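A.B. asks: Features from Swiss-Prot:
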- 17-88: domain 'S1 motif' (DOMAIN)
- Ser49: phosphoserine (MOD_RES)
- Ser52: phosphoserine (MOD_RES)
- 292-315: region 'Disordered' (REGION)
- 299-308: compositional bias 'Acidic residues' (COMPBIAS)
Amino acid sequence: MPALSCRFYQHKFPEVDDVVMVNVRSIAEMGAYVSLLEYNNIEGMILLSELSRRRIRSINKLIRIGRNECVVVIRVDKDKGYIDLSKRRVSPEEALKCEDKFTKSKTVYSILRHVAEVLEYTKDEQLESLYQRTAWVFDEKYKKPGYGAYDAFKHAVSDPDVLDGLDLNEDERRVLIDNINRRLTPQAVKIRADIEVACYGYEGIDAVKDALRAGLSCSTENMPIKINLIAPPRYVMTTTTLERTEGLSVLNQAMSVIKERIEEKRGVFNVQMEPKVVTDTDETELARQLERLEKENAEVDGDDDAEEMEAKTED
């Protein structure tokens, strides 16, 4: 089956002042030749004078073949197919928005192309027709090319009726919903941070337990926090959530509470690993580490209460 392709948006060419994602294909005396990734890889050029606001000493430090770049459109000749681009005129904020738009548009593209493959489309025109009857309908409806379709597809995960007004037959609708669910259903992520908490004063382990319990009080119903002892004075904090950003925020908040509470008792608090999303491999390694330490400490009394602390509601 031939590889199908189509531009991401309804318009075949970008407009002047649009910030677009390109891939650098080659570098010549006049500038860099690039492919506009959102427009089915049509060619554009970044003139050397538009690479940087500073004096150019080494082109390779500014732009490299094979790398993706966010650039702004400064001229379009639709008749001749010429597109002039600038890298130096793109602000950091514009680049971030461009990357976000590209990521979401690419997700929509991946969904629709897979739908086309499942339905055994053989021509690019068939994929374009699917775009016209789905993604571009939402882009036009919400006046947000790239975002309209992504937001609508995301909504369709919980409310498939969003797709009711589209010109789709039963097979197309079924396959589209299956692929939207497969790609856009939220996946729970585990977030982890490693900390050191100790108190060598009179209150000792009681001060540590009190500080950790204070951190656990930052738990919510949707984001319960767990704290496990790795080896004194090191602990691992974890939470599982559908919202990555909120999960990171909750762990950071809990760490701040623990730090404040233990330092009130003249204890010590150090961050060994900032909160981050962990993979299955990380989790497997942590489980092995905890199992090994549990065996080593099996005959040691007095630490049972500190080995694992979970958010609980006091009776």
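Glycine is treated like the rest: Cβ placed from N, Cα and C.
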A.B. asks: For the modified residues Ser49, Ser52, which Cβ has the most other Cβ atoms within 10 Å, all shown protein chains included?
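C.D. replies: Of the modified residues Ser49, Ser52, the highest Cβ count within 10 Å belongs to Ser52.
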A.B. asks: Please compute the mean pLDDT of the model over the domain 'S1 motif' (17-88).
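C.D. replies: Averaged over the domain 'S1 motif' (17-88), per-residue pLDDT gives 90.
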A.B. asks: Three states by DSSP: which one describes Ser49 (phosphoserine)?
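C.D. replies: Helix, per DSSP.
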